[in-house]
Amino acid sequence: MPQSVLKATSEDLKKMKSAYAHHLTDTLPPGALFQAKVPGCTITAYRSGKVLFQGQKAEAEASQFSHLKATDPKSSKTPAVTKYSPPSGIASMSVIGSDEVGTGDYFGPITVCAAYVDASHLALMKELGVKDSKGLKDPQIINIAKDLIKTIPFSLLVLRNEKYNAMQEKGMSQGKMKALLHNQVITSALEKLDGKQPEAILIDQFAEPGIYFKHLAGKKIIRERTYFSTKAEGIHLSVAAASIIARYAFLIEMDKLSEAAGFEIPKGAGPHVDKAAAKLIKLHGEEALRQFTKLHFANTQKAKKWL
């Protein structure tokens with residue numbers, strides 16, 4: 001049975017329990033804090049902080065909480081160093097970094113960016129304010145991104161909701177979509193370097209390398225000097241720059257959706273999003289969800305309970 005495991009803080013667990021308030025079960029497994037069942041997935045949260053998603057839609061359901069750290073359910077040991085682990089000294093190298101935004105948001109697209117930062121531009125990146133985007137507010141993201149897109153080579157793709165939903169309904173997992181998008185922006189960014197080769201390619205890890213490359217079977221891929229790491233924004237500024245540009249693009253798309261909806265479209269996937277989706281249905285009909293949301297998220301059914 002497909003499954004995903006996340007590690008959550010006590011505060012995260014409270015928010016998750018609230019998000020699944022309408023789907024909680026009456027009986028609990030030993031050690032469980034709560035259990036919820038939604039179509040295609042059973043979610044079990046343990047007092048240890050482990051949250052287990054099981055079922056055909058486990059990956060999709062877990063992706064709503066992409067800010068949480070994925071973990072191997074069989075081991076809590078430090079991950080082994082592999083050939084795909086970033087080399088020591090990568091922080092001072094010339095690198096193409098890639099990252100994505102929007103995978104855990106019910107509304108809005110997925111935006112993926114690959115950005116090249118030459119070693120000679122690392123100091124400039126710091127001057128521009130480039131750092132882990134999680135520590136930046138939206139106005140800062142916008143200002144920094146406007147400088148970045150005029151300064152460094154990058155490639156950006158936006159997977160809007162209608163196409164996302166069509167791909168998902170044909171059986172493609174979000175993980176495969178992300179792999180295809182990352183590969184495409186990396187390839188495109190390389191082409192913009194006019195033959196110059198980066199010292200490394202660093203991908204903000206969302207899947208094990210073997211799974212990532214399996215998703216890309218039959219595609220043109222670059223394996224040489226390609227590395228994966230979680231929290232890669234803190235490892236090289238190219239990933240931080242890519243994340244900032246991707247988030248900037250996401251904000252632009254969300255503004256467009258808000259204008260089309262006639263009210264502000266919220267980020268995230270919590271209860272406030274359910275209410276906004278219900279409002280969208282009332283104003284524009286249920287079919288409007290296809291252009292605004294990731295339909296397979298549990299929020300779709302939760303929104304209907306507000307009607």
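Keep in mind that glycine also has a Cβ here, set from the backbone N, Cα and C atoms.
What Swiss-Prot annotates here:
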type	residues	note
DOMAIN	93-307	domain 'RNase H type-2'
BINDING	D99, E100, D204	divalent metal cation binding site
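For D99 (divalent metal cation binding site), the count of additional Cβ atoms within 10 Å of its Cβ stands at 28 [all protein chains shown]. In sequence order, S98, V101, V112, C113, H182, I203, F206, A232, V239, A242, S243, A246 are the same-chain residues whose CB sits within 8 A of the CB centroid of D99, E100, D204, the residues recorded for divalent metal cation being left out. Counted within 10 Å of its Cβ, the other Cβ atoms near E100 (divalent metal cation binding site) come to 25, all protein chains included. Following the DSSP three-state reduction, the secondary structure of D99 (divalent metal cation binding site) is strand. Over all protein chains present, the Cβ of D204 (divalent metal cation binding site) has 22 other Cβ atoms lying within 10 Å.
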